[in-house]
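Here's the structure, in structure tokens; my notes come after.
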Amino acid sequence: MNKRKLTDMEKYLLIIMIGYIILVSFVNPMFLSFETLFDMFRSGSGTMILALGVMIVIISGGIDVSFTSIAIIGAYCAINLMLKFNINNIYFAFLVSGSIGIFLGSINAIIIYFFKLPTLIVTLGTSSVFYGFMTTFIGTKSIPLAQMPSSLVDFGSKNILTLSSEHGNYGLSVFIIIIVILLFITWFIMQKTMLGRKIIAIGNNEEFAKRIGVNILQTKLFIYCYMGLLSGIMGIIYFSDLKIVNPVTLVGSELMIIAAVVIGGVKLTGGHGTILGTVLGVLLIQLFKSTLVFLGLSTSWNDLFIGCILIFSVCIISYKEKLRNQKELRFSNQ
């Protein structure tokens with residue numbers, strides 16, 4: 001079996017990351033430590049999980065901006081049910097939140113398929129509807145640490161590896177296990193199954209995919225239900241790490257996660273994207289967010305860095321696509 005070569009975008013991201021790490025380490029040697037690395041993994045866990053779902057949606061030719069609302073609703077409802085019925089079980093939290101995510105994702109898919117509307121418009125609308133439903137009928141009251149289910153708090157504090165330093169104990173969060181499992185599942189779906197090929201086919205040309213026998217409804221149901229499932233899982237992880245259940249904290253972070261996926265080389269027009277590129281895009285954004293303090297810069301610089309990398313990524317993807325089209329045109333004229 002031939003090993004897959006790195007794409008140009010993946011190579012560029014690796015070069016940027018290595019160069020940036022060297023720069024930060026030179027300015028502040030304290031950056032190179034397991035404590036910093038473990039903290040980056042913990043704080044970037046939610047972004048990584050959502051990015052996997054966003055990647056699949058964009059590869060299929062769509063744009064979903066409702067995933068933060070789904071994450072909030074799923075987790076908030078699950079935690080409130082745990083408190084109301086005195087169910088102190090983290091698996092119950094994931095089950096309920098994930099199920100709600102799947103249900104809300106199916107609503108997105110059905111509207112998109114039957115009404116033939118742009119995915120961005122549909123999910124922008126459903127995001128407001130979902131969140132508005134929660135605020136109207138369920139509420140937005142924050143749940144402080146003292147009232148949170150102990151299983152949720154314990155899960156957020158659990159480490160698979162604990163180390164000590166002069167500042168105290170720190171560790172590698174159990175979140176990494178969930179991320180690795182979801183990375184493998186997503187990779188397997190996209191690389192080893194017919195379903196993954198159907199998703200790519202729809203992203204390249206939905207009408208052609210339909211003509212060759214792809215069931216568009218079933219495929220889109222999977223895409224948006226999977227996005228919903230990942231959102232539900234992320235919501236539980238997010239609140240367990242935050243140590244407070246505040247249903248307004250995630251709102252507004254959608255574009256940053258989409259940016260991470262696009263930076264990773266996923267084409268906004270659909271049909272192309274890689275797991276590794278998405279992982280690198282998320283890691284790069286998380287690297288910027290986590291190292292500003294080591295450089296003595298304010299958080300406002302984060303948007304500047306990410307914006308520059310996003311523009312660079314889009315330009316590279318566009319340029320490569322232009323070269324590919326020119327090559328195909330010359331070949332067809334021969």
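Using the three backbone atoms N, Cα and C, a Cβ is placed for every residue, glycine included.
Unlike curated entries, TrEMBL annotations are predicted automatically.
According to TrEMBL, the protein has these features:
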- 12-34: transmembrane segment (TRANSMEM)
- 46-79: transmembrane segment (TRANSMEM)
- 91-115: transmembrane segment (TRANSMEM)
- 170-190: transmembrane segment (TRANSMEM)
- 221-238: transmembrane segment (TRANSMEM)
- 244-263: transmembrane segment (TRANSMEM)
- 275-295: transmembrane segment (TRANSMEM)
- 301-319: transmembrane segment (TRANSMEM)
Seminar exercise, completed: Same-chain residues at least 6 beyond the ends of the transmembrane segment (170-190) with a Cβ under 8 Å from one of its Cβ atoms are 34-35, 38-39, 41-42, 45, 48-49, 52, 55-56, 59, 155, 158-164, 196, 199-200, 230, 233, 237, 241, 275, 279
Exercise. Are there 3 or more C-beta pairs under 8 Å linking the transmembrane segment (301-319) with the transmembrane segment (221-238), counting only pairs at least 6 apart in sequence?
Worked result: no
For this session: Grab the same-chain neighbours of the transmembrane segment (91-115) for me: Cβ-Cβ under 8 Å, and only residues 6 or more beyond its ends, written as numbers and ranges.
Result: 62, 64, 66, 70-71, 73-75, 77-79, 81-82, 122-123, 126, 130, 149, 151-152, 216-217, 220-221, 223-233, 235-236
Exercise. Hey, which bits of the same chain come close to the transmembrane segment (275-295), Cβ under 8 Å, at least six residues off its ends?
Worked result: 6-7, 9-10, 13-14, 16-17, 20-21, 24, 27-28, 30-31, 36, 39-40, 43-44, 47-48, 51-52, 55, 183, 186-187, 190-191, 256, 259-266, 301-302, 305-306, 309, 313
Exercise. Which sequence positions outside the transmembrane segment (301-319), separated from its termini by at least 6 residues, show Cβ-Cβ distances below 8 Å to it?
Worked result: 8-9, 12, 16, 256, 259, 262-265, 267-268, 281, 284-285, 288-289, 292
Seminar exercise, completed: With the cut-off at Cβ under 8 Å and a gap of six or more residues from its ends, the chain residues touching the transmembrane segment (244-263) are 13, 47, 50-51, 54-55, 58, 63, 65, 67-69, 71-72, 75-76, 79, 131, 134-135, 140, 142-145, 148, 235, 238, 273, 278, 281-282, 284-285, 306, 309-310, 313-314
For this session: State the residues, same chain only, that lie 6 or more residues beyond the ends of the transmembrane segment (12-34) and have a CB under 8 A from a CB inside it; answer 'none' if no residue qualifies.
Result: 6, 163, 165, 170, 263-265, 277, 280-281, 283-284, 287-288, 291, 294-295, 309, 312, 316
